[in-house]
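According to Swiss-Prot, the protein has these features:
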BINDING   His115, His138, Tyr208, Lys357  heme b binding site
BINDING   Tyr208, Tyr315, His432, Arg435  pyruvate binding site
BINDING   260-263, Ser290, Gln313, Thr341, Lys408, 468-472, 491-492  FMN binding site
DOMAIN    80-157  domain 'Cytochrome b5 heme-binding'
DOMAIN    182-542  domain 'FMN hydroxy acid dehydrogenase'
TRANSIT   1-73  transit peptide
Amino acid sequence: MFKSQLRTATARSSFRSLASKLNPQRFNSSKTPLLNATRGSNRSKNSLIALAISLSAVSSSYYLYQKDKFISADVPHWKDIELTPEIVSQHNKKDDLWVVLNGQVYDLTDFLPNHPGGQKIIIRYAGKDATKIFVPIHPPDTIEKFIPPEKHLGPLVGEFEQEEEELSDEEIDRLERIERKPPLSQMINLHDFETIARQILPPPALAYYCSAADDEVTLRENHNAYHRIFFNPKILIDVKDVDISTEFFGEKTSAPFYISATALAKLGHPEGEVAIAKGAGREDVVQMISTLASCSFDEIADARIPGQQQWYQLYVNADRSITEKAVRHAEERGMKGLFITVDAPSLGRREKDMKMKFEADSDVQGDDEDIDRSQGASRALSSFIDPSLSWKDIAFIKSITKMPIVIKGVQRKEDVLLAAEHGLQGVVLSNHGGRQLDYTRAPVEVLAEVMPILKERGLDQKIDIFVDGGVRRGTDVLKALCLGAKGVGLGRPFLYAMSSYGDKGVTKAIQLLKDEIEMNMRLLGVNKIEELTPELLDTRSIHNRAVPVAKDYLYEQNYQRMSGAEFRPGIED
């Protein structure tokens, strides 16, 4: 009955109003081309979203790495002619292609062959208004930063007429789930946020967030490795007053964990990384800002409250002058640490993400011979990552900043020792959340191996060891801290919290994790972070992957299994 009513004009209008209040960026109005799909066309709509994600990914990086990033330019108008929808719509071919964004008309003809995200999404909107698909997941002024000023033709005069379209069954179901999601107060652990997010995110956005490399063995092992570590708690200890605060690089923080850098947060919520900044600020937890954020760096930095700490995650560009500008700007804006990603000379095969890109290709372009099957929202980023980055570049990076320098993506003890030799302030034991090389070891397993070596060589007090990947519980954080980690990073859990409930969801997730840490410190018999030592753990099974462990049903329930190839839909579909 609900679906039937939605298909009437009045009911659809009413539901749009409701959906706009629930999430104005996911569902805007009857003019929204993405979400206003005809019946049975959910596949096409998801394809457009997938293409937009690819465009967002590459343009975010391109935007950050333009040489004139910090230079403004005057924008000329096009021959003083009124750029009406009728005129713009005539420029809809590859050799004469205009697009409207934010009420402004751009000539993308010359840019089309060089667009790192591919030509398909631009061609799809040739001679049309692409604002609705572009704005929700891009930093402001992105176009102006990477399209030459002379290609900005001027303002659109008038509006494009939009066709009334009917919602698909799948989209109606998703919007109904958003309406029925439980109140924030019912979230009692980080798994709960993921459960909700998986039901309300558009499929391409979910695929981008949850995808991992190849068979996703490392993704699951990152979490499962914590199940092979058990506690040896102390008893009869006065634990009335427990303090979970710590210091990172000499700066006090309320908890021993931080929010890891993740790309394209606006896919889940219209405020994106700004929502994460707000939620983290309320709880005095460090946020690491991604190079590939969907909000601009300055937007995220501006969202800080006084005293709030943020770190900057960096992909090094082949043009070192571009990297230098970005690093110096981050330092000027008060970033407290520079985290250089070193595990991505090329981005991994994230097949859930790639399958969404395949659907987009088949809908936009009929000739399969021209489709680049290596692409997806993730791999589209790789053209901006310098594969020649090596240890010799550390000296250059140290010369351009006074921020503490940490390399993120270390996966073996030998490289931890090299980092110490190069005078780095820290490393993050990480495999990119299982999104790069599959069958790499879980970071917590590497942590258990490397810390005794550092202590033996007297290096454990000279370099900070951070760890991320697979963390879902306060007990996971405590296990890593007992093994010697300085801090523990979480990425996806906070994306899911933000996607489900915005900045308040981020705050709630932090509070839940803090509560778990404090409670379990009491049960362990410790009062301070400094009292967490290896003696409180039984790690005899950490390296033995054949040891059976109790199933984590909440984690398994949320894990989205990979699927094989699918046939094309039939005519009746």
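Just so it is clear, glycine is given a Cβ too, placed from its N, Cα and C backbone atoms.
Not measured: the values here are computed from a predicted model.
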Quiz item: Which whole-number value in Å describes the distance between the Cα atoms of Ser260 (FMN binding site) and His432 (pyruvate binding site)?
Solution: 10
Quiz item: Given the binding-site residues His138, Tyr208, Thr341, His432, Gly470, and counting only Cβ atoms in the protein chains shown, which has the most within 10 Å of its Cβ?
Solution: Tyr208
Practice problem: Mind giving me a neighbour count for Arg492 (FMN binding site)? Other Cβ atoms within 10 Å of its Cβ, every protein chain shown. | Solution: 21
Quiz item: Taking all residues of the domain 'FMN hydroxy acid dehydrogenase' (182-542) together, what is their mean pLDDT?
Solution: 92
Practice problem: Tally the residues of the domain 'Cytochrome b5 heme-binding' (80-157) by DSSP class, grouping H, G and I as helix, E and B as strand, and everything else as coil. | Solution: 28 helix, 20 strand, 30 coil
Practice problem: Enter the number of other CB atoms within 10 angstroms of the CB of Arg435 (pyruvate binding site). | Solution: 23
Practice problem: Starting from the Cα of Thr341 (FMN binding site), work out which of the binding-site residues (His138, Tyr315, His432) are within 10 Å. | Solution: Tyr315, His432
Self-check item: Between His432 (pyruvate binding site) and Ser290 (FMN binding site), the C-alpha gap once rounded to whole angstrom
Solution: 13
